[in-house]
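Notes follow the structure.
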Number of protein chains: 2
Amino acid sequence: MEQHHQYGTESDADTAMSPGLISPRDVEAVPNPRDKNGLHTPLLQRKKTLLPDANYSVEQHQAMIGANVSPIESLDYELIENELFRQDWRSRTKHEILEYVFLKWTFVFLLGLLTGLVGFGINMAVENIAGAKFLATTKSMSASGFMPAFLLYAGSNVGLILVSSLLCVYISPAAAGSGIPEVKAYLNGVDTPNIFSLKTLFVKVFGCICTVSGGLIVGKEGPLVHIGSCIASLIGQGGSRKYHLTWRWLRYFKNDRDRRDLVTCGSAAGVAAAFRAPVGGVLFALEEVTSWWRGPLLWRAFFTTAVVAVVLRTGMAWCKGGSCGLFGEGGLIIFDVEGVKSEYGLLELFPVVVLGIIGGVLGSAFNHLNSKIVLFFGAFLNKRWRSAKVWQACLIALLTASISFGLPWFAECRPCPEHKIGQYPIGAECPTHGRAANFKGFHCPDGTYNDLANLFFNTNDDATRNLFSTGTPGEFRKSSLLIYLGASYFLAVITYGIAVPSGLFVPSILCGATYGRLVGMLMTPIAGDDRLDEGVYALLGAASFLGGSMRMTVSLCIILLELTNNLRMLPLIMLVLLVSKTVGDSFNDAVFDIHVQLKGFPFLDAHPEPFMRHLTAREAIKYTPVTFNAVERVGTVVDVLTTTRHNAFPVLEENGAVLCGLVLRYHIMVLLEKRAFLDHSDDSYIEKKPALTSSDFAKPGSGKGMRIEYLHVTPEEREKYLDLRFVANTSPYTVVETMSLAKAFTLFRQLGLRHLCVIPKKSRTERSPIVGLLTRHDFMPGYLHEQHPLLR
Amino acid sequence: MEQHHQYGTESDADTAMSPGLISPRDVEAVPNPRDKNGLHTPLLQRKKTLLPDANYSVEQHQAMIGANVSPIESLDYELIENELFRQDWRSRTKHEILEYVFLKWTFVFLLGLLTGLVGFGINMAVENIAGAKFLATTKSMSASGFMPAFLLYAGSNVGLILVSSLLCVYISPAAAGSGIPEVKAYLNGVDTPNIFSLKTLFVKVFGCICTVSGGLIVGKEGPLVHIGSCIASLIGQGGSRKYHLTWRWLRYFKNDRDRRDLVTCGSAAGVAAAFRAPVGGVLFALEEVTSWWRGPLLWRAFFTTAVVAVVLRTGMAWCKGGSCGLFGEGGLIIFDVEGVKSEYGLLELFPVVVLGIIGGVLGSAFNHLNSKIVLFFGAFLNKRWRSAKVWQACLIALLTASISFGLPWFAECRPCPEHKIGQYPIGAECPTHGRAANFKGFHCPDGTYNDLANLFFNTNDDATRNLFSTGTPGEFRKSSLLIYLGASYFLAVITYGIAVPSGLFVPSILCGATYGRLVGMLMTPIAGDDRLDEGVYALLGAASFLGGSMRMTVSLCIILLELTNNLRMLPLIMLVLLVSKTVGDSFNDAVFDIHVQLKGFPFLDAHPEPFMRHLTAREAIKYTPVTFNAVERVGTVVDVLTTTRHNAFPVLEENGAVLCGLVLRYHIMVLLEKRAFLDHSDDSYIEKKPALTSSDFAKPGSGKGMRIEYLHVTPEEREKYLDLRFVANTSPYTVVETMSLAKAFTLFRQLGLRHLCVIPKKSRTERSPIVGLLTRHDFMPGYLHEQHPLLR
């Protein structure tokens, strides 16, 4: 359920103003006559994308998947009704239905189990690699001084990022980035090859481990969402076809609907594994990722994330000995701010609102700057050699390492607090030279600590923990927080979008928590010691940045609660999210929506754009459809399939007077490949007791269709006939040509169609019973504005 | 988003088995040939309802609203497209759009404010009335002994219930019951007069106060959901039309879509006010109440509940002095179980699963028994005089009073615990004779307390607090818990459904917490003192009963967390909900779904029933539609409107050859009432520059349509003409007659239609361009099974 607030509200306003505020046009589109300026220039500029061809082309069915441009295809959720599939339905036994239900639950159980294990493994690996890195650097620092330590630190970071970006660029470009835009697009009905392949999964897992332990300002939540979806898709396909790891049980799952459901559960499981937030995961999938949501799915996603939670908890119990590093501390709560003073007066609402405004401004600025930088580098790098992307990643890694090692080096050492305060168990020690701690020694002498190193010279998780730590007032200087805020914001802006797996949650939480804590410190002279804890301010700051950048509401609320375990903060978190989302929405779109659009996905919003009310369905049709007769010559069919790229063809009966149905390209391909030919044009294939069953027509996994070029048809076979009635969808959804495009869009989007038939208004006098077909690309604002430039 | 798990899974299985498992029939419906037994008996029995006429009739458009049978009507979410409404769209200014958006947010703000205040007021009133009652009874008990105290107690209880049931039976029957089924039906598209009237609101508020303080085993959450929806609907209508409290701003909100959105937010606000659970409220509305959900709605509902939370919090801060009784203690957390040991071993998973199973069994048994009792009393009382319902309510009140006063009287007194344990602030005192306390003195001497009185002689909220109280092991005897479980279960079963406002959450929580605590006590000898606290077991028990009866998942989880403030319990709560929902689903439907069906609402499930694949759309059509010509004689129109009850009429052009569109009854009524007549049949109304604008056709509030009987048309006017093209929806959604009913259902349900046009397959040779209209009632399984008894 996406949240295009700007569009949402607008089109909201439009659809809702009165029972029927729609204006179909029977004639050509004319702009609003009162608008004098809009007459000769296109009124809505097409948005830029990362695709190499800057002009939006009708025939351009491709998008930026991860780091590379790939072809895309639409998914189809329409039910096909005809003799063939009816027979199959009749022949299904109770046992088969039971088997299906059993498999469905087994699959989500497996999904939860595997996602939980992978999430656990990633955490473990990151903790151990990063831990070893910090230990070695600290040792080298005390033994040999700045330069060797820096070289060791920067070298290991750059090395890790090099591995990650090499994997991404040369092995599986689809694994680059967070993957959330790709998953969102898939669940909106846009399929791409390799996006959920086994190779992508492996690269994503190992790349994510390297990237996060390599010290970049990135998180592992976005990649985990992609990983969860990959696992789901692979389970749904019964393993990887390429590596011959398939199961025969799959016959029940060879359709887009079941795969969609599994992938939705997978994205929920990914968030659950990343934040140890089972309910937050379900809500994230619901609010941010999916486009269609069904009641039973909530229940299945809930089950999946429950399994993830149990797996993680078991893993943590197993880790109790300490062998897993900090992972496992605090059980399922990662950043605990429980037990702090939860009373707050009306005076404290003011800084909370201020935080919301800061979050809205900084968050939307982040979206804007990041999209500009991604576009700039995209235009620059896509035209050049592939290794440029590797260089870019390594340079950013080097920059990050220099900043995070260099800046603390020049910071002043601060004396340790006299009383060991803080509920955080490790905070009692000062200074520490180990891994995560509240009071990092870094290069400081005994009895003093380096507050910048607390933030910079730490994993992102531990830096967040330090920012959230309660009962440690005055741990950071204001200047340190300011420096860290600037550096992390800058690094986050330039990092998201490079060719490594990277998530956006952790950078947002880091930036937000920093200025949140700063605002909390500034409140001390005003509110005195009776104010909220600095850790709570950090939490609210994190909420504000997330709200300002990602624009989610309920799911962020629950994820933050599950991260920090303080339900009494709920009203404050809600307030801060409301303010920051409102402020952010007044500037630009949510970050994932911006990236979906940058990557050029033909994404269908929940609502039609207002200008679509001024067009009729007929006006959006690109060309007269290529039709077939009910029984068509094989040669004709092969020629049409070879010369066009259409995926569906209307089938006409009775000399073209009656629309028999709609036939899909891959169903014709199966007929051709199985040689299901007739000798005469007046035969009927169904009367011949065909050997083909509906399972022969089951849809293969993503991007694995047959291609007409590889099919050999002999000249004798070309003279035979194909009975297309056998596979045609005899009752496709139709709309009348005078319907406004907005209304047709609603039907298309709500039912998840791939093709929508447009029928003539005056059927008796029209030449053909079908005017044309509408597909996803015909509803894209970019295309429509090119066709009707004067439309507003 | 409703959760019919049983149906959901089935139809799930069906829709998903393969790309097209649908079987449209062109001929008559025939049962599965392999099923020998099903040939001569209807295979699916129609379910019983509370409606007096036991036979499901096609023409029966009525349902049980609250305590009385009322007529019902369908809502219409389709956009109407024609010249008239197009003009209106063009004439709208930017300022009007801004005004609309501003109003939309003002309305939800007002909604949150009012619902919060009403919820606060109800809490205050209940606390004070019940408090005064208990104090007076305790005083009388110590002064005059058992009998006078009992008379005082029972008298006040029966008096309160008498007021409540009199209000419900004689003033506003629509206010009886929880209201959740009615709200659910409204949001599914079934409108009824008075369900959201000002009268209903007042009766619901005062009835709810009386019922809850009257000591019945009922809650105030169901009524609060209804109250929130009422407030929403009244705001959306701009006040009560009946009492002339309307605003002129309303013109933007005169359509079903905006009202639906507001009512959804209202139901979320109601739950938020009842449980002080803002996020839980949003999720409850999403998971249980709504049928259609849109992204922007999540965001608006979230805002509404945030306002409710702020109002409640401010109220509580204002109450700090103690003037509001116990209300306000614990801030937004009602039953706090924070701070208890949250570690649990694998051994403890066993009792948790057992709790889930118990909850599933008891919950589904509750659904079954309650529906039987409601049906029994319904059949018995609906035929008799209205006061029978008042008698029934008073008798149950007397029974409840006798049990809750009598049973503790015979209970043995227990010595107070030596050490004042328990974090619960009032638990330190033992025994207490005031209002709520952990250790009630009742009639016991000093130094002892009465553990049955802790439960029975208390408000339901305080009894729950006692059951959830942590750090108080051994407070209750096992026998006391068993007695209380039996009594409260029995009372809950017979109480829900009588003619007073009553909610189901509190009874479920009470029963569940009781056996939960019992299981916790039984675990002591097994797990020793290292086990989970008894209060935590009580929480898990409550979760299991709620899951077993209401079958929600995510929303229950969040509501329970927000009630009890212990996030570490999340995995256990998820586990217990999963088990209890699974067990419950294997027996029957969720309780609210059962009541929706009992009340006879034509509710459209999210998925078509499997048997609908064996019917075509044509087979479900009841009769040839009554059609009009594009320009029709006034006399003909009036006669048709008078003699039929149809709400939509196809309009034909060009001698009946072309379907011009669909015209709604109330649009024709407006034309007739405004005398928008033509003198000649070849005139065109639109060319006459009509004075009518689209706001003249705005839909009035629920159940307030004009009636043809009250319209006077002179004989001269009868000879004039009406231009129906002016108001007809020129591009209605259509399906082809051979489409399976299941596929047509999907379209109908997803787009929220009221009428679906069925067009002929062979349009050129058919007599009429329209075969018929499908409405909500045509998709009802009961009707379809009557028409096609052999279908399975």
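Glycine is treated like the rest: Cβ placed from N, Cα and C.
Here is what TrEMBL says about this protein:
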{"type": "COMPBIAS", "residues": "B:25-38", "note": "compositional bias 'Basic and acidic residues'"}
{"type": "DOMAIN", "residues": "B:728-790", "note": "domain 'CBS'"}
{"type": "REGION", "residues": "B:1-42", "note": "region 'Disordered'"}
{"type": "TRANSMEM", "residues": "B:100-126", "note": "transmembrane segment"}
{"type": "TRANSMEM", "residues": "B:146-171", "note": "transmembrane segment"}
{"type": "TRANSMEM", "residues": "B:262-285", "note": "transmembrane segment"}
{"type": "TRANSMEM", "residues": "B:297-316", "note": "transmembrane segment"}
{"type": "TRANSMEM", "residues": "B:349-370", "note": "transmembrane segment"}
{"type": "TRANSMEM", "residues": "B:390-411", "note": "transmembrane segment"}
{"type": "TRANSMEM", "residues": "B:481-499", "note": "transmembrane segment"}
Whether the transmembrane segment (B:262-285) meets the transmembrane segment (B:349-370): three or more C-beta pairs under 8 angstroms: no
Contact ranking winner - B:100-126, B:297-316, B:390-411, B:481-499 against the transmembrane segment (B:349-370), Cβ under 8 Å: B:481-499
Tertiary contacts of the transmembrane segment (B:146-171) (same chain, 6+ residues out, Cβ under 8 Å): 66-67, 129, 133, 136-138, 140, 199, 203, 206-208, 210-211, 213-216, 386-387, 389-390, 393-394, 396-398, 400-402, 405-406, 409, 443, 498-501
Three-state composition of the domain 'CBS' (B:728-790), taking helix and strand from DSSP: 22 helix, 14 strand, 27 coil
Average pLDDT across the domain 'CBS' (B:728-790), rounded to a whole number: 87
